[in-house]
Amino acid sequence: MSRFDGRAADPGSYRDRRSEGAFGGGTRAFAPTSKADSAAAAADLDGLPRFEKNFYVESPSVAGMTEEEVEAYRRRREITVEGRDVPKPVREFRDVGFPEYVLQEITKAGFVEPTPIQSQGWPMALRGRDLIGIAETGSGKTLAYLLPAIVHVNAQPILAPGDGPIVLVLAPTRELAVQIQQEATKFGASSKIKSTCIYGGVPKGPQVRDLQKGVEIVIATPGRLIDMIESHHTNLRRVTYLVLDEADRMLDMGFEPQIKKIVSQIRPDRQTLYWSATWPKEVEQLARNFLFDPYKVIIGSEELKANHAISQHVEILSESQKYNKLVNLLEDIMDGSRILIFMDTKKGCDQITRQLRMDGWPALSIHGDKSQAERDWVLSEFKSGKSPIMTATDVAARGLDVKDVKYVINYDFPGSLEDYVHRIGRTGRAGAKGTAYTFFTAANARFAKDLINILEEAGQKVSPELANMGRGAPPPSSGHRDRYRGYGGGRSWS
């Protein structure tokens, strides 16, 4: 039995109260912006019912940890915390007090111990406080906010006709939104907590029907969610648990106005969890607008760095040499494992994929011009191993959760070091080892110094010619490059 109160602990508490009938839908679009309407909205908010959001009871095992033990544990797992009255981390799943059905799913998934972000993030989230989480992709952050969300829903009154969701998760891309929803379905099924995924590029009908039936958890991209609200298909009056996942990526994609519009329609006493892989000033400023007295947990460093489980190899070459180098590399590493190749443009993605297929390689491509059905099919073929080579633009760089990607190849160097780190982060997930290969040309020279910093921080070898580029020297001519092969990650890949 969980240590939470009865409603939060027992899956039957929500299951028994949850009707199978249709009762969702929306009755309220975005509020007008006049002062009179704003005042009316504030008065309306004052009449909203109270809700529960603090469910954490420290286990005897956690309570017994001394300050020295807490500090040693955080230091060993590279956990940095900020905030008032920060709870101690949990070292085992049973210390969290999750409902039994959640623990069963955790066991079934084969998890051995909480990841660092889960270890510290779960007690913070379950206390009902706002939370800033800074952790690299693949750190386990999705469950760090989803499992407390399930506990939160279980403690709330059931949805009534016309109610919108209780939990809202905003994500930058449909791929990430779909993956989050898959986890929500897996861990929420036993308590009849229902979720849906709202994103553009597909017909609205099935999404509208889900909203009208009533769902406790909505995972959405900002644009399609605004469309649904303004069309009166849902509302945000019941949202008391808000998650912004990959906030840095959403800002990169220009979603700040949409995020502000959405958040302005949610009651201010909500709980907000704000997740980002990096912490630039614009991400911090947005957090200041939305969060109150938050905890902050950082896994590793706020400085941009790559996963140390990834072996990084950088090859200096010319644009005209890339394709032959790619083929030579594939001949060397192809063993049936999944290989993800990143391009800068949709056109380049299609061209290289077409050439690879003509040369007999089992390659497919995914990018923003593909229909959702095409993208789903390509991902399915890649995940199953039927087509173990997938080329992609950055639409797949964030949040793409494909197990056992052994190799990432940056055919084109991305437009930022943040995207470089996120691209190569598709491999080396969940404690596995991975390998990333990067083609680096004279046109990328402005990134050399920062790339060297990332390589050195991760203990990777830096080639003399990349080091020279980092000092501002021009790249060597192609006729002199062979003697530098093999640097950048510690082994030859010629």
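Including glycine, each Cβ sits where the backbone N, Cα and C put it.
Sequence annotations record features per position, and here Swiss-Prot assigns compositional bias 'Basic and acidic residues' to 1-20.
Summarising the annotation, Swiss-Prot assigns region 'Disordered' to 1-39 (among others).
According to Swiss-Prot, the feature compositional bias 'Low complexity' maps to 29-39.
When pLDDT values are averaged over the motif 'Q motif' (91-119), the model yields 90. Per Swiss-Prot, motif 'Q motif' is recorded for 91-119.
The domain 'Helicase ATP-binding' annotation in Swiss-Prot covers 122-297 and rests on sequence analysis.
Residues or ranges marked as ATP binding site by Swiss-Prot: Ala135, Glu136, Thr137, Gly138, Ser139, Gly140, Lys141, Thr142. When other Cβ atoms within 10 Å of the Cβ of Glu136 (ATP binding site) are tallied across all protein chains shown, the result is 20. Secondary structure at Glu136 (ATP binding site), as computed by DSSP, is coil.
Taken from Swiss-Prot, the feature motif 'DEAD box' applies to 245-248. Distant neighbours of the motif 'DEAD box' (245-248): 141-142, 145, 169-172, 176, 180, 274-280, 283, 286-287, 398-399, 418; these residues of the same chain sit at least 6 beyond its ends, with a Cβ under 8 Å from one of its Cβ atoms.
What Swiss-Prot lists as domain 'Helicase C-terminal' is 325-470.
Look at Swiss-Prot and you will find 465-494 (among others) tagged as region 'Disordered'.
Residue density at Gly138 (ATP binding site): 23 other Cβ atoms are found within 10 A of its Cβ, drawing on all protein chains shown. DSSP assigns Thr142 (ATP binding site) to a helix in the three-state reduction. Excluding the listed site residues Ala135, Glu136, Thr137, Gly138, Ser139, Gly140, Lys141, Thr142, the same chain places Thr115, Ile117, Ala144, Ala277, Ile299 with Cβ atoms within 8 Å of the centre of the ATP site Cβ atoms.
For the motif 'Q motif' (91-119), residue counts in helix, strand and coil come to 16 helix, 0 strand, 13 coil, using DSSP.
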